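**Student:** Pulled from TrEMBL, these are the listed features:
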| type | residues | note |
| --- | --- | --- |
| TRANSMEM | 74-90 | transmembrane segment |
| TRANSMEM | 97-118 | transmembrane segment |
| TRANSMEM | 155-179 | transmembrane segment |
| TRANSMEM | 191-217 | transmembrane segment |
| TRANSMEM | 223-242 | transmembrane segment |
| TRANSMEM | 377-398 | transmembrane segment |
| TRANSMEM | 404-427 | transmembrane segment |
| TRANSMEM | 448-471 | transmembrane segment |
| TRANSMEM | 491-512 | transmembrane segment |
| TRANSMEM | 519-540 | transmembrane segment |
Amino acid sequence: MSVLQAALIALFYAFARSAFNAGLGGSVLAQPLVAGTIAGALLGDPIRGAQIGGALNLGTLALSQLRVQVGPDVALIGYVGVSLMLLSGLRPDAPETAALFGALVVFGIVLNFARGLFNTVVAHWADYFADQGNISAVALLNVVPTQLWVVLTSFLPALFILLFDAPTIAGIAASIPAWVQLAMDWSRHLLAALGIAMSLRWVMQGSSIAYFLLGWLSAPPLGLTQATLLGGSIAIIHAFLARRRADVNTEMLVADVLPSDQAEGDLAGPRLSPVELQSSFVLWMFFHNAGVNFERFQNMGFAAALAPAAKQLCETASERVTLLRRSLTLFNSEWSFGASLVGAIIALEERRANGEVINDAELVGAKTSLMASLDTIGNTVMLSAVGSLLIAAGAAWADRGSLFGPFMFAVVQSALVLAVGFISFQLGYAQTRRFGDWARANNWLRPALFGAMRLGAFALGALVVALAPITLPGDGLIQIGAAQLPLQTRVLDAILPGGLPLFATLTMWGLLRSHRASPVGLMGGCLIVATAGAIIARALGWV
């Protein structure tokens, strides 16, 4: 392989990982069927590249559903792995192939950690500009530093790997100790717990505390989608009861809000034009994952998507500050289905700017309440169902020696993803506006927002289980003489199963609420605790 060929393959890999591919990176360009075809074409054998990529693709499809890339890098496997297999003549089922991909898995974990951690720091930089009400700076931070870092952590490592042989790459990967990987795992789990705690500052009030705990309890046996349905059912019943009681006491629907803040608005204010709405969609389509991080995931992409609307709706600096602050809370969803939620929140922000009484907690709760379910549905439909069928068909065509298969997959999958994203955004905005008008006319807007805030707290409780699964490695086995005591199963889980992530989240929420610690300080504390814990685990022989 020449240096030019290696550089071109590394460049395509970096493009697949960047934010400039119109939201098609994870669903199309990173898939080994497409990546293998491109790599094969650059190496002079596109058919063989497509065949190898197709053989690998169905096995790696589930990895594409990871919002914050925490494990094997699918694009790295596709572009770099297929290239090395082509040059060495390895078959997908050969033992040497397993060793090669084991090395690429380790490299992917390290590179993804570097990207996620860097973006976590940038997210706090965005908080600084949000406190100044600087909408443009927040939007630019989502793109400029994050994409420069993508180039450094994609193009250069891929070029380095491509210029060495497979045994050398495997040897380098094997030199990374297990305790370092444990430190990276604990770091991202603790940072996710911090992101949840930061959202809890907005919604954790009144009965929302009970909803949060119910979400945490129901997620392990039910899963995120069914748990959200359960929480939604409870919230709807609660909203019905609240609406009936509100006929007697109109001030009971919003906890911790002064009665004067609940007066009805006159709905006279700025309106968004089609240009601003389309600008928001384009920003979401391209840059939803640009600043994805371990703490609040797609929060910078979400805030950047609201920038055109925010500039039109916010007339004062204080309004810009509050909008940016609540927009920078945790957000995590598959982008095409999640676009409906972006459109819905823009519609709610428009109603608030026009005089409707919608407080910050309700907006954060509405955003949080449905994102996990939309993420699951979007990944299931776009990748697990449609994507699997298209990849299987494309791989079958490639096995027959035809490039029609990879081309068909790329075109059809791209069209579906973009169409679903556009339609979802339009429906989210239009239907939320329509529902808002109906709900206001029928005295349902206040109860609906009341329920949405509590469902948001429920979803955050469920996300503690999904995003911060902190456990002791090796069951935390303590051995004294002939006696053995697994701390995780015999002690911690016996007292409160899954208690470690809950304890970490509530501890950080308490510190944030009492102003005893800043988010930046807690971020540093998470990294220190994770590193120190991994070192201790190594000393105790757990890793």
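Even glycines carry a Cβ here, placed using N, Cα and C.
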**Student:** For the transmembrane segment (491-512) and the transmembrane segment (377-398), check the count of CB pairs under 8 Å (sequence separation 6 or more) and say whether it reaches 3 or more.
**Tutor:** no
**Student:** Compare 74-90, 97-118, 223-242, 448-471, 519-540 by their Cβ pairs under 8 Å to the transmembrane segment (191-217) and return the stretch that comes out on top.
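**Tutor:** Per the Cβ count, the answer is 448-471.
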**Student:** Is it true that the transmembrane segment (223-242) and the transmembrane segment (448-471) have 3 or more Cβ pairs under 8 Å, skipping pairs fewer than 6 apart in sequence?
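**Tutor:** Result for the transmembrane segment (223-242) with the transmembrane segment (448-471) is yes.
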**Student:** Report the listed stretch (155-179, 448-471, 519-540) having the maximum count of Cβ pairs within less than 8 Å of the transmembrane segment (97-118).
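**Tutor:** Between the candidates 155-179, 448-471, 519-540, the best contact partner of the transmembrane segment (97-118) is 155-179.
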